[in-house]
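To start, the structure under review is shown below, and the notes come after it.
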Amino acid sequence: MTVITCIDDFKRIYRRRAPRMFYDYCESGSWTEQTFRENVSDFDKIRLRQRVAVDMSGRSTATQMIGQDVAMPVALAPVGLTGMQHADGEIKAARAAEKFGVPFTLSTMSINSIEDVAGATSKPFWFQLYTMKDQGFVSSLIQRAKDAKCSALVITLDLQILGQRHKDLKNGLSAPPKLTLSTMANLATKWRWGIEMMSAKRRHFGNIVGHVQGVSDAADLGAWTAEQFDPTLDWDKIAKIKEEWGGKVILKGIMEPEDAKMALQVGADAIVVSNHGGRQLDGALSSIRALPSILDAVGDKTEVHIDSGIRSGQDVLKAVAMGAKGTYIGRAFVYGLGAMGQQGVTKALEVIHKEMDVSMALCGRRRIDELGRDILKIPADFEGRWAD
Ligand SMILES: Cc1cc2nc3c(=O)[nH]c(=O)nc-3n(C[C@H](O)[C@H](O)[C@H](O)COP(=O)(O)O)c2cc1C
């Protein structure tokens, strides 16, 4: 039995167990992958201040995100095709998040449907919306999320058009996988994945197949998805969706102070500083480098969350000490799920929690509300000096 001590341990097991096309789908960024790499490496540039002789008893990582109690300031990010990484992946990840006491966000492009996840959990989860050209379909997704009692709508703003990830094209990514010779050769080595997948509730995009006329198989769906994302999305449309939803709204994919101010104007309850894990605009700053200027612009007026590049509890601590009210993990939970299902997600959350708790204590702090930039050493040129 492998002893798991850090998130990277899961990645190694996940790589062995998951079909190559799904591992590559997760472990890629767009184009040169510069932003994908820097999301992670820029966290390392921030250092922590070690403090001593401070009473570290009675610590807690509990706090709130958008007014909801969370065991630590970490949510599971929306990740498409999670149910291809492991059979019934969305259900398993949602259950692990619920038990741990952190929010789970279901992607529009999930395999398990909104109703599947609602039926398998007992607390509200968050639903992530991609805006599509088909307004009727968007409205029906919103209604289904309301019926499922989702407690927040996360609207993703940075995917009106798809960034290119080379490996997805080369692997012919599809859900379920199309059986070419090379896919079959690879699947033959992933017998455990295959056996579990045979009894999975679904193998297609559960929020879409059966809910949109004319979409009944994956081949149709690929074409439909490429055509369907709405290139005309603007702030007026976002305001209308917010009104239609009527509940808490989180706007995801904000990287510039000007956009953060616009998000404020449409009344976002929170924004997520995110570059989609380096999967969209390659060459964008890492999220952690973009965070300070966005906090300066809107940090006292709305909740600022962050994702992209978080692989440890120390990364969470750094982001929160900098001023973020919450963080999201994408790949870090997928590695756990792909390696060992629900237990792997639970364990990934435990790893991150422990790293955060111990680091917080060694920085001389006991609670989230005691965290501030004074526990960090941030390089003087961290945000970069760019010509206007
Ligand atoms: C495999 C994969 C699929 C993703 N699918 C979605 C999605 O369907 N909707 C969305 O808003 N973001 C999606 N994202 C972006 C994540 O929500 C999040 O922004 C990103 O994973 C954060 O970076 P990290 O993986 O370094 O933690 C996806 C990310 C990955 C890795």
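Every residue gets a Cβ built from N, Cα and C, even glycine.
Database features (TrEMBL):
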- 1-381: domain 'FMN hydroxy acid dehydrogenase' (DOMAIN)
- Tyr25, Arg165, His276, Arg279: glyoxylate binding site (BINDING)
- 78-80, Ser107, Gln128, Tyr130, Thr156, Lys252, Ser274, 307-311, 330-331: FMN binding site (BINDING)
- His276: active site, proton acceptor (ACT_SITE)
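Structure coloured by features recorded in TrEMBL.
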residue: Tyr25; record: glyoxylate binding site; Cβ neighbours (10 Å): 23
residue: Pro78; record: FMN binding site; Cβ neighbours (10 Å): 25
residue: Gly80; record: FMN binding site; Cβ neighbours (10 Å): 19
residue: Gln128; record: FMN binding site; Cβ neighbours (10 Å): 23
residue: Arg165; record: glyoxylate binding site; Cβ neighbours (10 Å): 23
residue: His276; record: glyoxylate binding site; Cβ neighbours (10 Å): 27
residue: Arg279; record: glyoxylate binding site; Cβ neighbours (10 Å): 24
residue: Ser308; record: FMN binding site; Cβ neighbours (10 Å): 33
residue: Ile310; record: FMN binding site; Cβ neighbours (10 Å): 28
residue: Gly330; record: FMN binding site; Cβ neighbours (10 Å): 22
Going by C-alpha distance, which of the binding-site residues Gly80, Gln128, Ser274, Ser308, Gly330 is nearest to Tyr25 (glyoxylate binding site)? Gly80
Hey, what's the Cβ neighbour count for Ser274 (FMN binding site) at 10 Å? 28
Using C-alpha atoms only, work out the spacing between Arg165 (glyoxylate binding site) and Ser274 (FMN binding site) and round it to an integer in Å. 18
Cα separation, His276 (glyoxylate binding site) to Gly80 (FMN binding site) (Å, whole number): 12
In whole Å, how far is His276 (glyoxylate binding site) from Gly330 (FMN binding site) when you measure between their Cα atoms? 9
At a 10 Å cut-off from the C-beta of Thr156 (FMN binding site), count the other C-beta atoms across all protein chains. 24
Starting from the glyoxylate site formed by Tyr25, Arg165, His276, Arg279, give every other residue of that chain whose CB sits within 8 Å of the mean position of their CB atoms, in sequence order. Ser28, Gly29, Ser30, Gly163, Asp168, Gly277, Gly278, Gln280
Sort Ser308 (FMN binding site) into helix, strand or coil using the DSSP assignment. coil
Three-state secondary structure, Arg165 (glyoxylate binding site) (per DSSP): coil
List nothing but the largest Cα to Cα distance in Å, as a whole number, among the residues Tyr25, Arg165, His276, Arg279 that the record says bind glyoxylate. 13
Which of the three DSSP states, helix, strand or coil, fits Gln128 (FMN binding site)? strand
Limited to the domain 'FMN hydroxy acid dehydrogenase' (1-381), I'd like the whole-number average of pLDDT. 95
Could you measure between Ile310 (FMN binding site) and His276 (glyoxylate binding site) for me? Cα positions, answer in whole angstrom. 12
